[in-house]
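*Asks:* The structure under discussion is supplied below as structure tokens; questions concerning it will follow.
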């Protein structure tokens, strides 16, 4: 991605960025790290991870954070945007020998100012339960490594439970534990409970109840991450074999699957209403999958290397009730995009109304983010025209037209690879056939709409750039015209990477033959999102992205945890 000024600015690390909500600012005094602030030499060590918990103490400063760096684990009071970080006084610090912490998770149900339950997974396969406030005795699970000898990749408390937790390993196995039970002194014996397409679930066979309660074997290769749906009923798993698999957790049924474009999937997250899942991985793409329809609805291209974390921003996911045909180009429609606490809390209930049969349609925009090994942070908007493409003339299209009339030409300083003039396709091709001809937009309009929101301000930035991330090419048409395809880049992917992608499409023979099937549609068969912003924010690969109410938290492999204040929150 070219930096605004090109040249040497390419390697400059950004300390602020602007979206339609306003300016996000890096707070240098709120940086957490090891007390000596020395960059950690991360060669061969496990990713730095960050976990948060709120202990609801009376002072109003109840946030606590835990992070691992190499062999060390730290537990601090998190002061966020309010006060500078005091690194000289960690509440707890642990250094491990012979094994390294790889991941951790707090139990939010049981957390108090006097006691928190923190699970920590390790590179040699063990899981430890500790209380960094009480610092009392801890419990160790899989201590003798009789259950699994491979690295713990993900550990999470089961939502709504004070005692059950789930642990995934690089062996591709997942185990359900109860903190009250022991692990026994011998290797567990298993009994088949359920078998399905590329997964099996076993129960532990023993006279007295012992851990693990269940053993899941999912896909091939490492199970890289899992995430529970917001209601806790479903479990999304991503594996090194490139598959997303979504299970009903209680009934142990497979709900749906998806395959990456190529390579392993590394990360997964759910939208706040549980309707969409986003994955990231070794194909450098973010992929949006509909939980209800069990299909890929969009891909996002902005990263230049593997995507390590994806996360939805529940505080910027906006829902507004409105009649789509009333849009007059005025700014008022978008006043409530700049919402605070009150809107955020009602987001979930309003999202659930989105598919109800009200006479007034509800317009929705989901915001999510991703960070990658390319040291870049990308923010993405998922908007009406992607979510509901069958609507004849949605508000989104109206905006896109307005935007084309008011936005500067695509080449005027956007930071996206597609914003150089020569990637604009000839106006001859129009938008996909389902639209009546008169409503279709010429390609140049769409390419302009794709130009970065950083080049817009005022009314346009607040409203119109909400839809500035879509490329609505009729790529099907181009697919049949090979010469045409050769002369144009794939719209919003810069020509270099597009050649690479086209090459991959032609030469890669997928053993599972999934490309071009609903499991893994071709690039030209699903909309391609452009990032709202894509900024280099670190020297080392990024491993953490967490959206909090007044800030965004990121961390890199050097062990620096950064706080980005949201607009108006400094």
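Each residue, glycine too, has its Cβ placed from N, Cα and C.
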*Asks:* Checking feature assignment: region 'Disordered' per TrEMBL, candidates 350-401, 402-453. Which range matches?
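*Replies:* Checked against TrEMBL: region 'Disordered' maps to 402-453.
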*Asks:* Which range, 454-474, 475-495, 496-516, 517-537, does TrEMBL list as region 'Disordered'?
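*Replies:* Comparing 454-474, 475-495, 496-516, 517-537 with TrEMBL, region 'Disordered' matches 475-495.
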*Asks:* According to DSSP, how is the repeat 'WD' (258-290) divided among helix, strand and coil residues?
*Replies:* 0 helix, 20 strand, 13 coil
*Asks:* Within the repeat 'WD' (258-290), what mean pLDDT does the predicted structure show?
*Replies:* 97
